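Chemist: Got these off TrEMBL a minute ago, pasting:
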- 17-189: domain 'NADP-dependent oxidoreductase' (DOMAIN)
- Tyr50: active site, proton donor (ACT_SITE)
- Lys75: site 'Lowers pKa of active site Tyr' (SITE)
- His106: substrate binding site (BINDING)
Amino acid sequence: MSLKFALNDGTQIPWLGFGTGTVLKGRDVAASIKTAIETGITHLDGAQGYNNEETLGQGIRESGIAREKLFITTKLDESPTESVKDALKTSLKKLGLNYVDLYLIHSPFRAFKEGKLKQWWKEMEELKKEGLAKSIGVSNFTVEHLQIILEDATVVPAVNQIEVHPYVWDTASQIYSFCKEKRILIQSYGGLSPIVRVPGGPLDPILASAAARLSNESGSPVSLGQVLSKWLIQKEVVVLTTSSKASRIKEALSTASLPDLTADEISAIETEGVKSHKRFFMGHVFNE
Ligand SMILES: NC(=O)C1=CN([C@@H]2O[C@H](COP(=O)(O)OP(=O)(O)OC[C@H]3O[C@@H](n4cnc5c(N)ncnc54)[C@H](O)[C@@H]3O)[C@@H](O)[C@H]2O)C=CC1
Ligand SMILES: O=CCc1c[nH]c2ccccc12
């Protein structure tokens, strides 16, 4: 049985999601999606803005897996040209689906500037009521953005998808704590940044020493990436990653069953991480 986290609306979400943004944005993802599903992925993360929802849907169909076995997310663009409902209907048509498991507001930036955050959230709540999205949530929201929609919300966002890794833990931890208190699950993206985007940083020796201990204990090789993902799992944070290689997907999937990191290892990862702030995605939100 693979690990799932509970959402505040009573549904469950697989801890690991396969992303179709970043390196896959604008590309034909059908083959990657089929490989991911055949390797054991059941959670797929898409977005209107990734411009590949058609081939995401194609990959799902070609995999032959039953719809109800999958958890599928897509996101409302930051500057949609249609109403929120029409935008989701367009996404569903492209995906070839009747509903998504999770629909997210991709970014608060534009709606916040135009004073439309509350109105967008009301429209999101309607979509959930109509069953077009089983769960609804947000992405790239700071505490300030969340507080605005929570003032009038009848549905608390199920998730907030943000950049989380040790090099942004100084700011991400504040959003994480607020969301924990409100029972909003955090989904992390960019989680492998310390090893894929800025390798050689102060975190590497700590990741290497934890990986060596876990390798000894589990009897099979554990990578630095798995240590980063294990850190997130132990915080009950969903991990979004991507790879066209079945071997890397297999490795990622096996992370949940590794022995736990110790409290000292977790503390060392966070202490070293916050010494070296490096943000890769949420600059448009935080203006850093
Ligand atoms: N809501 C938002 O604003 C954003 C959402 N996302 C979502 O999150 C997903 C994942 O984001 P990423 O930053 O790409 O994830 P990530 O930080 O896990 O990086 C993935 C990269 O790492 C490489 N990789 C994967 N496994 C590896 C391993 N074991 N060793 C070394 N390299 C490895 C891959 O080739 C890929 O280039 C996106 O596809 C998208 O769905 C991403 C960015 C922003
Ligand atoms: O998902 C990654 C970053 C992001 C935030 N808003 C958009 C819109 C379109 C593509 C990517 C993104």
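Placement of Cβ uses the backbone N, Cα and C atoms for every residue, glycine included.
Please treat TrEMBL annotations as automatic predictions, because they have not gone through curation.
What you see is a predicted model, and the numbers here were worked out from it, not measured in a lab.
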Chemist: May I ask you to report the DSSP-based helix, strand or coil state of the residue listed as 'substrate binding site'?
Modeler: coil
Chemist: Once the chains shown are all counted, how many other Cβ atoms turn up within 10 Å of the Cβ of Lys75 (site 'Lowers pKa of active site Tyr')?
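Modeler: Neighbour count, Cβ to Cβ under the 10 Å cut-off: 27.
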Chemist: Quick one: give me the count of other CB atoms within 10 A of the CB of His106 (substrate binding site).
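Modeler: Its Cβ has 22 other Cβ atoms within 10 Å.
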Chemist: Give me the Cα-Cα distance between Lys75 (site 'Lowers pKa of active site Tyr') and Tyr50 (active site, proton donor), rounded to a whole Å.
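Modeler: Checking the Cα atoms of Lys75 (site 'Lowers pKa of active site Tyr') and Tyr50 (active site, proton donor) gives a distance of 9 Å.
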Chemist: Quick one: Cα separation, the residue listed as 'substrate binding site' versus Tyr50 (active site, proton donor), in Å?
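Modeler: Given the Cα positions, the residue listed as 'substrate binding site' is 11 Å from Tyr50 (active site, proton donor).
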Chemist: Under 8 Å between C-beta atoms and at least six apart in sequence, can you list the same-chain neighbours of Tyr50 (active site, proton donor), or say none if there are none?
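Modeler: When sequence neighbours closer than 6 are ignored, Tyr50 (active site, proton donor) has Thr20, Gly21, Leu24, Lys25, Gly26 within Cβ distance under 8 Å.
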Chemist: Average the pLDDT scores across the domain 'NADP-dependent oxidoreductase' (17-189) and report the rounded value.
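Modeler: Looking only at the domain 'NADP-dependent oxidoreductase' (17-189), pLDDT averages out to 97.
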